[in-house]
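**Student:** Okay, so Swiss-Prot annotates it like this:
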BINDING   Tyr77, Val78  L-tryptophan binding site
BINDING   Arg99, Lys186, Tyr188, Arg259, Lys261, Tyr263, Tyr344, Tyr409, Tyr413  substrate binding site
Amino acid sequence: MTNSLLTIGDMVQGVELPDADRQFWWDSLAPILSRMLQCSKYSVESQANILSFFKDFIVPSYGPRPSIGGEFFWKSYVTYNHTPGQVSFNFHKDKCTVRLSNVPTAPLAGTASDPFNQKGVVQTIKQIQKALPDMDITLFDYFSEAFLVADEDTVGLDARKPVPQYNQLVVASMLGYDFEPVPRVKVYFNPRWKALQMNTENHDLIWTAINNLGSPIKSYKRTLDLLQECGTPRQLGGWIFQPEFISFDLAENMSNAARLKLYGFTTKTCWSHIESIYTLDGRLNDAETQRGLAVLKRLWHLALSIPEDHDENQDLPPCPHLTAGVIYNYELRENSAKPEAKIYIPVRFYGSGDGKVIEGLVDFFKSEGWDELARSYQRDFVSVFSTPDGKMAGEHHDISFSYKNEHPYVTAYYRPELIRPMERHIV
């Protein structure tokens with residue numbers, strides 16, 4: 001990463017969009033995205049192409065802007081305060097990739113026409129196909145059919161929700177973008193509304209849909225069998241895995257390694273439980289898994305400012321937020337004998353603030369020999385998220401960790417702070 005930034009005016013200022021909603025999202029997020037791309041040493045041509053893609057296809061998907069008082073049009077807990085997306089840096093050795101995710105929101109979300117905000121993702125994918133015509137949407141079509149509630153079946157379903165906050169807790173769909181530099185699109189589905197409609201368990205619905213894929217899933221069979229085995233505890237009261245939601249890539253050719261990820265969630269935050277998640281409760285005990293576990297433990301302690309003598313069987317101090325806990329996933333790749341575990345360290349819920357998170361990350365980067373990143377990270381964080389009036393327009397939300405090919409992959413996820421609406425955002 002580097003701090004030799006172009007001026008924001010070179011890329012984003014003066015851009016006029018056709019309506020106040022799009023203008024608000026562009027003015028809020030484009031400066032941050034532009035600075036992230038510059039910090040990550042993307043070429044000027046790549047920056048321009050990515051910002052153009054962002055303007056034409058991602059910005060419209062954010063939907064209606066917040067109210068003048070700051071209330072979001074569609075509230076979802078993809079971040080702790082309903083901000084409908086995140087931006088992130090992915091670090092692997094000396095390479096840094098910029099990523100972005102958001103909850104596509106259609107203008108009729110929350111009405112009888114789209115009570116659970118399902119139409120936004122379908123509309124957005126159709127638009128993106130215009131820019132990426134080689135993108136294979138076979139998996140998208142299959143899983144949207146399996147996981148989204150048909151219009152005629154939505155009637156009366158809202159009245160059956162188990163808790164009042166269900167609409168915010170269940171993020172029915174989300175899109176992610178890896179800028180490599182050509183955008184790689186990832187789809188997330190949480191089928192809880194569909195499971196409610198069908199009177200079945202969410203994890204059973206996910207397993208059924210995956211197993212019914214047929215021939216495309218055969219090359220994942222060994223890994224899938226292992227994960228499904230984890231639905232039964234190895235000992236009384238032991239850890240089990242029940243997928244909460246899934247994600248998959250929309251690759252150019254589905255048979256050419258469209259990664260499939262299964263996500264879990266736990267409110268247990270003691271290290272011994274995290275170790276069980278990472279090793280599938282001891283089912284994975286190979287040398288690479290053990291090396292990755294040791295590196296993860298170091299990052300876990302540094303990012304959360306946990307003393308080395310903290311009891312490994314004791315949960316972290318409780319956080320009252322409704323969504324506080326640990327998200328994790330298992331990535332499936334073709335013909336792989338084991339899944340790749342990823343842990344999302346919840347620094348917003350259990351950390352000690354951005355200053356301590358930065359300090360912990362810098363110490364971790366040093367321990368991995370990522371010297372340039374250790375020198376530049378704090379400076380670049382300030383460069384990306386500082387505003388002209390000296391305030392910060394972003395904060396760390398999660399830090400994810402995975403380990404493959406003998407190297408860690410670390411991603412820092414940030415919640416962007418949106419701007420206050422200006423005159424041109426009010427119509």
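Numbering starts at 1 and runs along the chain as it is shown here.
Heads up, the Cβ atoms here are built off N, Cα and C, so glycines get one too.
Describe the structural surroundings of these features, if you would.
**Tutor:** Listed in sequence order, Gln168, Leu169, Val171, Leu322, Thr323 are the same-chain residues six or more apart from Tyr77 (L-tryptophan binding site) with CB atoms under 8 A from its CB.
Long-range Cβ contacts of Tyr344 (substrate binding site) within its own chain (separation 6+, distance under 8 Å): Val326, Ile327, Tyr328, Asp398, Ile399, Ser400, Tyr413.
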**Student:** Based on the record's binding annotation for substrate (Arg99, Lys186, Tyr188, Arg259, Lys261, Tyr263, Tyr344, Tyr409, Tyr413), what whole-number value in Å is the widest Cα to Cα distance?
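**Tutor:** Those residues reach a largest Cα separation of 20 Å.
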**Student:** Fill in the CA-CA distance, Lys261 (substrate binding site) to Val78 (L-tryptophan binding site), as an integer in Å.
**Tutor:** 17
**Student:** What does DSSP assign Val78 (L-tryptophan binding site), in three states?
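**Tutor:** DSSP call for Val78 (L-tryptophan binding site): coil, neither helix nor strand.
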**Student:** For Val78 (L-tryptophan binding site), which residues in the same chain are close in space, meaning a Cβ under 8 Å from its Cβ, but six or more apart along the sequence?
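**Tutor:** Sequence-distant Cβ neighbours: Pro84, Gly85, Gln86, Ser101, Asn102, Val103, Val171, Met174.
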